[in-house]
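Below: the structure, in structure tokens.
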């Protein structure tokens with residue numbers, strides 16, 4: 001190819017789009033390609049590698065979105081995903097729901113079936129391009145994304161990449177979507193019509209209103225039993241560090257109900273665990289830090305006399321149609337900046353601080369001892385989920401991370417600090433943890449990345465696709481499948497709603513059994529992963545040691561299928 005023809009081949013809408021993504025810090029394109037991808041493929045064949053995101057093949061859309069999600073949690077950097085027209089987008093929706101719920105910035109794209117039937121490069125050439133036609137393809141995700149747009153002209157491509165990325169990473173963060181018609185991707189730009197897009201960075205971190213900080217500080221200073229409720233931190237841990245500074249300076253206890261990204265070390269003397277019931281009942285002023293679900297209104301609705309302060313970039317979570325938590329003060333602002341401002345403005349009685357510190361240190365020590373005892377008593381056949389959880393935290397070094405989906409019991413673990421345990425978002429789109437762990441491993445190939453999932457969640461994750469990715473990209477994660485033979489979340493939901501009902505009296509409820517289960521170890525072995533089944537809890541530490549050896553020494557993924565007791569608690 002001559003220099004001139006090479007230059008023109010790199011001036012298509014597809015090439016400009018890839019250039020724009022790369023220029024905006026997008027390192028990877030997780031791709032599940034289809035017949036809408038020819039111009040993208042041709043652009044990759046012509047562009048220098050440095051000018052486009054690294055393309056990675058993901059054989060299922062759920063895996064692509066989940067990997068981008070996990071990558072962001074490790075790095076704080078958004079990535080891109082491209083899928084096949086409306087059908088691929090439909091397969092992606094569960095992952096997009098999770099990303100929206102968890103405020104994860106992802107640039108999601110899909111082709112759009114050609115608008116034209118003849119006369120243009122990229123016009124319809126197959127029957128499916130008629131069957132995939134829609135009036136408004138973006139409507140599939142319009143309720144979920146911060147921004148959606150269908151590209152009209154190739155000259156827009158680079159600017160669209162900039163606009164989409166900027167909006168995704170501005171607070172409150174979230175996914176965005178671009179619909180890409182085949183003709184616009186294939187068409188060449190004319191000289192002068194596609195200049196390099198102007199830079200658009202994320203909006204700066206917003207500071208809280210000083211008068212609101214002063215008001216909150218006055219309430220907390222007067223409180224007898226203030227309480228902090230949190231359930232996530234940012235990828236860099238800035239929010240967690242600011243929260244811990246505030247808690248330690250004024251002896252304010254912390255509870256993490258429905259934790260998404262753990263904040264406190266398990267043995268911190270001001271940490272009260274993961275059950276909000278008793279701490280919330282005892283508190284008179286409550287500081288809710290960036291929590292979508294600080295408690296369940298049906299079970300734990302606080303006395304209206306308590307003062308409730310909500311803090312975060314979007315403390316009222318405006319994207320939700322219904323969310324009616326009491327809010328006597330809602331302070332919008334960057335979480336870390338707001339917590340540090342509150343810390344600086346707050347002066348508590350030294351005697352009150354000393355009394356609280358002594359009380360909560362004793363309570364925390366009692367909680368830790370009880371958790372230790374419960375975990376150690378679970379070395380049975382089958383083992384308890386608490387023992388499994390403790391064994392997993394025992395193999396986690398200072399950098400290891402664990403992604404859980406109906407898997408571990410957080411209170412049974414010994415977590416050394418923030419951002420060690422990541423839980424499926426409150427949207428509950430199952431099949432998340434396994435690809436999220438793959439994305440985390442891609443972000444740091446030397447880190448131990450663990451996915452602990454229930455047997456049903458493992459099947460939801462499209463495990464054949466995930467194991468293929470792990471082998472193809474050399475991402476040696478550790479997968480724990482907690483096998484109890486049923487959808488226990490459904491069983492527990494029925495028992496909670498109808499405790500005296502007919503279904504609760506049955507040994508096997510309708511619509512809950514997963515029997516006969518496949519041999520999960522064979523699914524892993526099909527992609528050359530190390531695999532082992534464990535039933536007795538006493539054998540688990542040795543099995544984990546063998547699995548980690550396969551990961552570290554052979555650089556291959558490992559799966560342990562564990563027989564675990566059925567519980568009415570989790």
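Just so you know, glycine gets a Cβ as well, placed from its N, Cα and C.
Keep in mind that what you see is a predicted model, and the values were worked out from it rather than measured.
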Of 167-187, 188-208, 209-229, 230-250, the range TrEMBL labels region 'Disordered': 188-208
Secondary structure tally of the domain 'Thiamine pyrophosphate enzyme TPP-binding' (413-560) (DSSP, helix then strand then coil): 64 helix, 25 strand, 59 coil
The domain 'Thiamine pyrophosphate enzyme N-terminal TPP-binding' (12-129) [mean pLDDT, rounded to integer]: 95
Residue counts (helix, strand, coil, in that order) that DSSP gives for the domain 'Thiamine pyrophosphate enzyme N-terminal TPP-binding' (12-129): 57 helix, 21 strand, 40 coil
